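The structure appears below as structure tokens.
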Amino acid sequence: MPTVFSYFSEVLAREKRGEHLSWLCMFWMIGGIYASAMAWAIIPHYGWSFSMGSAYQFHSWRVFVIVCALPCVSSVVALTFMPESPRFLLEVGKHDEAWMILKQIHDTNMRARGQPEKVFTVTRIKTPKQIDELIEIESDTGTWYRRCFVRIRTELYGIWLTFMRCFNYPVKDNTIKLTAVWFTLSFGYYGLSVWFPDVIKHLQSDEYASRVKHFRNEEVSHFVFNFTLENQIHTNGEYINDRFIMMKFKSVTFEDSLFKNCVFEDITSLNTYFRNCTFVNTTFYNTDLEQYKFVDSELINCTFFHVRTGCQISFDDDYSAYWIYFVNFLGTLAVLPGNIVSALLMDRIGRLTMLGGSMVLSGISCFFLWFGTSESMMIGMLCLYNGLTISAWNSLDVITVELYPTDRRATGFGFLNALCKAAAVLGNLIFGSLVGITKAIPILLASTVLVCGGLVGLRLPDTRTQVLM
């Protein structure tokens, strides 16, 4: 990502640089929409069909990985048709090739402006200073492994010097401010992005648990169960000479119950447990009832045949798997309008206004989560939040590449991107640990960091009319 934005920023016209980089960000987000859409479409079609312990099956995740790999392969092919960075060509001494690429960019931009008669001229070429003196010294006298060692050491030293120059004048203050904005935006965005689906799943669990059916003191004998049992709790039951044939147990719990002379055959279970139960002369054939599902239970003279191990969940058994991908698809789809708006307004209202305004509005929108008491409301809040936040991401990408000079642009962008991932991990840990405990802390925390980050972003210099250094 840092290399992509740094590369394109070097070849874009100043007047349209913000808009074109925003379109590039939109295609970046379209990749997320594509991945979530494929997951939503492929997994229900092929189903969650795992049987890793007993037999091999074709897993749907393989189809998903293959489909998601296609854009990556096509991008590798497309890179072969793109010109090299003029900056890199100058660094390696290929001035003529750099001049030809710059002339091609100049002519294309002039034709787009309606001024094709302007001629591209170069009056001075400033070649970056290279730190390869040690390599020149060792190239004649050192052994091959010594030369490799010096080369690696010199490259690492050069990377370190470039990184430290990001904290030197005149970009030191900008680096500190960008660090605060990148950290707060990533912390709030990725933290809530993980928190939203978990909260929705928690609401689903609460609603599902509220509909549980209780059965107490059942006495069933010589009965054939051949239907699905779901969301039930059976307590103090007695089942004598019963047969459980070709059944599915979904979120079923048997407590303090007796099973005598019973048969369990062709059973598939999900979240099903037998707690403190007694089984006498009972046969289990072709079931997935493993030992961990018998909690504090006693099995007397029982027989197990063909126990299926591993995960036996299908799409029909666990609808929450479908729901997770659907919510993720809606959340990523909601960023598309924000991408379009930010691209059209980036060069009109300015980067700082869009960055600060988007982060502040995102922080304010978090307070509406207090009213999120249902799945539909939380999904709506998720889409609103993602739509507002994406404008901040686009403007932050543009500001970052414009504030750094060419020799530090990719390094500075890469450092901030790495910091972004660290903040995302921290946000996932903190927000994820608060799911089901309280909504106050995540809401206040996300709102605070986003608003504070937006205010810091407003203190950055305006780069709308700035020529790249």
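Quick reminder: no glycine exception, Cβ is built from N, Cα and C everywhere.
The domain 'Major facilitator superfamily (MFS) profile' annotation in TrEMBL covers 1-464. The domain 'Major facilitator superfamily (MFS) profile' (1-464) scores a mean pLDDT of 79 in the predicted structure.
Annotated transmembrane segment per TrEMBL: 21-43 (among others), in sequence order.
Sequence annotations record features per position, and here TrEMBL assigns transmembrane segment to 63-82 (among others).
The transmembrane segment annotation in TrEMBL covers 178-196 (among others).
The feature transmembrane segment is assigned by TrEMBL to 322-345 (among others).
Look at TrEMBL and you will find 352-371 (among others) tagged as transmembrane segment.
If you look at the transmembrane segment (377-401), the same-chain residues 6 or more away from its ends with a CB under 8 A from one of its CBs are 5-6, 9, 17-18, 21-22, 25-26, 29, 178, 181-182, 185, 188-189, 192-193, 196, 199-200, 203, 327, 330-335, 337-339, 341-343, 346, 351-352, 354-355, 357-359, 361-362, 365-366, 368-369, 371, 409, 412-413, 416, 454, 457, 460, 463. What TrEMBL lists as transmembrane segment is 377-401 (among others).
What TrEMBL lists as transmembrane segment is 413-434 (among others).
With a threshold of 8 Å between CB atoms, the same-chain residues lying at least 6 positions outside the transmembrane segment (440-460) that come near it are 174, 177-178, 180-181, 183-185, 187-188, 191-192, 195, 352, 355-360, 362-364, 366-367, 369-370, 392, 396, 399, 403, 430-431, 434. If you look up TrEMBL, you'll see 440-460 (among others) marked as transmembrane segment.
Between the transmembrane segment (352-371) and the stretches 178-196, 322-345, 413-434, it is 178-196 that has the most C-beta pairs under 8 angstroms. Long-range contacts of the transmembrane segment (178-196) within its own chain (CB-CB distance under 8 A, at least 6 residues past either end) are made by residues 327, 331, 355, 359, 362-363, 366, 378, 381-382, 385-386, 389, 392-393, 396, 399-400, 403, 412, 416-417, 419-421, 423-424, 426-428, 430-432, 434-435, 442, 445-446, 449-450, 452-454, 456-457, 460.
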